[in-house]
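Asker: Okay, so Swiss-Prot annotates it like this:
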REGION    1-30  region 'Disordered'
TRANSMEM  41-61  transmembrane segment
CARBOHYD  Asn78  N-linked glycosylation site
TRANSMEM  83-103  transmembrane segment
REGION    104-161  region 'Linker'
CARBOHYD  Asn113  N-linked glycosylation site
CARBOHYD  Asn320  N-linked glycosylation site
CARBOHYD  Asn433  N-linked glycosylation site
ACT_SITE  His562  active site, proton donor
CARBOHYD  Asn566  N-linked glycosylation site
Amino acid sequence: MDVRRRPVKPLYPSEHISSGEPLKPHNQDSSVKASDALPLPLYLTNGLFFTMFFSVMYFLLHRWREKIRNGIPLHVLNFSELVAMVSLIASVIYLLGFFGIGFVQSFVSKGNNDSWDVEDESPEQFIDRTVTPPPVRRNIPMKSVPVAEKTAQIITPFSSEDDEVVIKSVVEGRIPSYSLESKLGDCKRAAFIRKEALQRSSGKSLEGLPLDGFDYESILGQCCEMPIGYIQIPVGIAGPLLLNGKEFSVPMATTEGCLVASTNRGCKAIYVSGGATSVLFRDAMTRAPVVRFGSAKRAAELKFFVEDPMNFETLSVVFNKSSRFARLQNIQCAIAGKNLYMRFSCSTGDAMGMNMVSKGVQNVLDYLQNEYPDMDIIGISGNYCSDKKPAAVNWIEGRGKSVVCEAIIKEDVVKKVLKTEVATLVELNMLKNLTGSAMAGALGGFNAHASNIVSAVYLATGQDPAQNIESSHCITMMEAVNDGKDLHISVTMPSIEVGTVGGGTQLASQSACLNLLGVKGANREAPGSNARLLATIVAGSVLAGELSLMSAISAGQLVKSHMKYNRSCKDVTK
């Protein structure tokens, strides 16, 4: 769905909502116009002055050319030339007054219009803002309105005392709830009216859903449609996480008790052991359209064409036109009968990149359509990408950022901080995360709770929480090193999908959390480095979470800690 910011449209007077009287569009106003005072019809008057303007201009130019040839001063005028000058000035004044003022007004109004697609709306919705709306008549019985007339009924710009009228109009279906922002010009007020209308129509209370304290303008056309408030998720801090020689305080938005505390303990164990090291070894967002041919042979021919290195440069140029940050890396094809799936991989700078890669894919599809006119484009996404679902292609080939993070935990730290033994941790990891996950038929789930940490960091930093599915693909490895005294732990995460620009990253709270990590916005000196750093921080946080939870399980502390920190004593039914 294409959601864009639309212009604020004034509405017709609210008294017509109560009375049920149909209104004439503003452009059908029957008021007296200045042109009514002209002695001739308007089209004849315009024609007269047009003819006068061009005639006298031709006459004067002809006379001036003769004066120049004969050496006569131009300012010396005879009677006919004087009459021509007066006629020229009169015609210019008339034409400028008739056409020029309207042009200037339209130019100024366009310059002040904060919209992208004014032409999308009907001109019948516009009225003169200088007209003061009449007072709203209360307690007047509603008249039945024919269906054909309902579409023309809308109300004037509302003042604060008119909220009740608007709410009733929304409840009764005369004002679409989705149009409140564009009609009112106040996003917060639109959210309030929508929320109140929903409570009345559903009969359910939304008292606990807050409305104040949020910038609804910031989500218009970008993050959420038809808002009625916002939810509150506590944000905790784990750390410092010592990663690649730098310290990070990791924000985690969660409602699960123990999660932040456990991750914080893991960060402490890593810190006192000398820190963790992470490496990003792949960076490529993917999109895989599906196309169909009349035969499998033709599908195979396109596969050979796309995968031919001789054609890759041409396809790259076409693809990279979509953005100055998009750079096509490779195209991987798969055939199913006469259907072809093409998995495009590209770097996307500091953006997560789904929109960017989709635009590039569309460019290539348009190009291929000319080369293969019998190609039928079924969909720009054929699930071979694969987005927001567990898939072996992501686990094997990766999607987004692929990161490995490791640390060596000292023996005394394992005993004093984690309250367990190295050998116990290694055995538990093998039987739980490896063998147990294999028995369950897990796909990318060879870990204890990577999704817990990924979800919490994603919510705090404005990432797409639905991409937690593939981003949480992780295999946790543990091994005794240094003669069995110390613990080597690592997490390998092939598809961390993050960005530091776009989407929810521009919201105030999420932007503050990104700023805390030092990755807010785009990195102009090294495009893409902020998003890559965020991916390594996610992996480092997962490493800390895995280390602490596995230690709690091996020491038999899991149930005890959750009974202490993860139980609610509040009766939510009251």
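Using N, Cα and C of the backbone, Cβ positions are placed for all residues, glycine too.
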Asker: Residues sitting near the transmembrane segment (41-61): Cβ under 8 Å, six or more positions beyond its termini, same chain?
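Answerer: That would be 35, 80-81, 84-85, 87-88, 90-92, 94-95, 98.
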Asker: Whole-number Å distance between the CA of Asn78 (N-linked glycosylation site) and the CA of Asn433 (N-linked glycosylation site)?
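Answerer: Cα-Cα, rounded: 106 Å.
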Asker: Asn78, Asn320, Asn433: which of these glycosylation sites has the highest Cβ count within 10 Å of its own Cβ?
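Answerer: Neighbour-count leader: Asn433.
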Asker: Please report the Cα separation of Asn433 (N-linked glycosylation site) and Asn320 (N-linked glycosylation site) in Å, rounded to an integer.
Answerer: 41
Asker: Mean pLDDT over the region 'Linker' (104-161): what is the value?
Answerer: 41
Asker: Once the DSSP letters are reduced so that anything not helix or strand counts as coil, what is Asn78 (N-linked glycosylation site)?
Answerer: coil
